[in-house]
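Data block below; observations after.
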Ligand code: 5GP
Ligand code: ZN
């Protein structure tokens, strides 16, 4: 799998063991470890063993492997009752800091701990929703 990793990426180095990490679990195609600056206790990152900056650049076989591992870790964390966020950021404007695709598993045991989200919801007309739908479906 190392043939899909790059030299200077911090997460590629973690996969190769060149930088230490608290490994939670791994498969042939994915690696899960504790976030070094957790938003709450048990905050994990799940990454493909394939260097890609963005979600849409990860091959299907790696994506197919990563979510079952994320679920396994979420369940093992005792959060099966739904107290966690599964989060994935793409690009600096979307709060991405490390440019190797990663999914966060962030425990949210109570309102005080875990991810704090400001969710800027907008009001839209039905016509605008329809135009958006058409724009996306045209390219699918
Ligand atoms: P992003 O903002 O890109 O979605 O999140 C990057 C995450 O990677 C952050 O939560 C940050 O704490 C974590 N992180 C950055 N560098 C390291 C590292 O060297 N080791 C570990 N375990 N986590 C890291
Ligand atoms: Zn990488």
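Cβ coordinates are placed from backbone N, Cα and C, and glycine is handled just like the others.
TrEMBL has this to say about the protein:
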- 10-115: domain 'HIT' (DOMAIN)
- 100-104: motif 'Histidine triad motif' (MOTIF)
- 102: active site, tele-AMP-histidine intermediate (ACT_SITE)
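A C-beta separation below 8 Å, combined with a sequence spacing of at least six in one chain, links residue 102 (active site, tele-AMP-histidine intermediate) to 11, 45, 46, 47, 88. Here the motif 'Histidine triad motif' (100-104) is broken down by DSSP into helix, strand and coil counts: 0 helix, 2 strand, 3 coil.
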